[in-house]
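J.: One structure follows; several queries about it will come next.
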């Protein structure tokens, strides 16, 4: 079961004016499950995305980037809106490592949806998640599209969260609201992902919508910043998938004032609420990490740069030895220290890290300093912290003022089981 | 059981003139097992070492480096010999993350051995392997030293291989011979390691001795080159340990001519034999990798640089998703392609890798090309290759002339079991 991930309450997922969602059961990989999602976006919305950095990026990711560029360069859509009118997401098949046929399949999907919805083909962003290297079953997928469109409603967020799951145990959704100048701004989002999770990006999809009125260029920079503080701070297994995508939509339907620059009234509140939503959805992926029994937060402070802090955080958070020790509730400080020590492999500035200066904490408990176990440390106190389902690890480097937090989970028998049996 | 690792045959491990080995059971962690090893090295030997790059390097590693420098700077030992006269290795405790006390313990170990053997303290190199962050049980260790010295003989290589094991299932040793100008040169080596294995270095110890006559400075460069082609090409879990050390000893007792430069007669033969021994010992560690059921060789060809090739090799070889698929004998090409695709995270020049140009082979079978599955590929043929205990993966990038090979193992239930239960 996911680690401390509350069940979603459909009624709490506030509809976002200008967004309708529709799903279908199109039998792409499994019978009788929601596996196709269409998100309709009203005219005048800003839409921003960040995508996997995997060189083997999937066909739909390539097409997403192309369509985002195409509509941005189309003068008729204006500079403050994206021109994107629909997203289409299938689960069960990632359409990755599928060569030219894969590109054609992604394009055909968009073309069919464009006809059904009577919108331009380049106004559609396609997404796929699931098994790699298999061609999409196009007949099933195309047959599902009209059903999903017929199905479009504003209050379908919970179903949408279910429709994009792969090895996820639980659907992931979050909603929040802020007031700006007395007017409400709503934010609702969904995500999926459980394995092949590592930043930039992971086998994950994240969609966050708000009715705030945000200009396209500002939403672009906000989306990048938010991704770096949420989805790019999680790791389940260190694998970066071919399909990861994170999309933020601002429909502008709220009555609150438009936000056009970081200095505008409401900017900070909306940024914080988008970040809160995105961090919740990112952490939900880790809580539902394949085989996860622990949710682990690693914070590295006192670094010379955010890169140093993040590299050490992920060095701890990716270490199979640390993660198996966490699974065993074993306060094995040695493995954590070893992972700190070898982080210099991936960050040159750490070559002069003085391990005698740093402090390591489990929860609030000082466990190591001066190059070894803290004199005050008692194993039973460390054990008590490890027994919890939520474990905080903090490293204070004492060499600068930058810090970073990453989230990860433990490494269990079930991780091996799930991934050894996934295709069978 | 280790994957295709032949049992060692003690009689095949040729003694090296000038080297004697002695062991003791000193109850450091476990009763009634060999856990302390002394290697005596005759005067006039050249001794070279490469060590972990972990910033949390263990006290004995720090002292090894200091002693190697000290004797090299001591004019009385001459420029062509190391001045190193003994190695002392304990298992059961790594003396890592032990702060100032750890340094004192390593030094005390050397001092006691120096008295017993009547040699200078700085002529001794200490090594420890085992649990991190615990202080050495010095009374037990010091009590064992005289026993190990009493025990010194030339034909103890098999016992020595056993005396340095930690979570290893099987001892690891190898011997070979070459003829140079009609005279025999013998090479015999041992290694240990099973977990926390990743290059530069791993939780591994390797000791290779030869009776070849090689000058100190030449042996230094040969040792570095050989480490890069053997122990630095293996990964079990991507964790780099605090204690890794690889030592090459050349006693000069063979009747063959001295080797003072790479152009000398016999250089290439001796280099190749040292490399053969070191690669065997490195691969033996992977064959005995924690929980390993498969031995996987990843070769990347056609790269712009060795760094590119090695980065992609390890990206595949470290991926938990690839490794769990291998455990399941699942020809999951998608996960291998994904791992190739995200290698650019760790090697900037791969940012322009054209995934449509590369070919992927399982064994001799072309499985992927042109960004997707090869048209000729049949899953049952891929399956047949995956069913084997030894699996070769080859990537042809078609962008340059450099190549690299790395060795790794699969990721099984037993890996989790071993590492979740190690300290209990």
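Every residue, even glycine, has its Cβ placed from backbone N, Cα and C.
These came from Swiss-Prot, pasted as-is:
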type: ACT_SITE; residues: B:203; note: active site, nucleophile
type: BINDING; residues: B:166, B:192, B:203, B:290, B:419, B:424; note: substrate binding site
J.: Check each of B:166, B:192, B:290 (the binding-site residues) against chain A and write down, in sequence order, those whose C-beta lies under 8 A from a C-beta there; write 'none' if there are none.
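T.: Cβ contacts with A: none found.
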J.: Once the chains shown are all counted, how many other Cβ atoms turn up within 10 Å of the Cβ of residue B:290 (substrate binding site)?
T.: 27
J.: Translate the DSSP assignment of residue B:419 (substrate binding site) into the three-state scheme.
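T.: Helix, per DSSP.
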J.: CB neighbours of residue B:166 (substrate binding site) within 10 A?
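T.: Its Cβ has 22 other Cβ atoms within 10 Å.
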J.: Does DSSP give residue B:192 (substrate binding site) helix, strand or coil?
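T.: Residue B:192 (substrate binding site) sits in a strand per DSSP.
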J.: 10 Å Cβ neighbour count around residue B:192 (substrate binding site)?
T.: 26
J.: Mind giving me a neighbour count for residue B:419 (substrate binding site)? Other Cβ atoms within 10 Å of its Cβ, every protein chain shown.
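T.: That number is 28.
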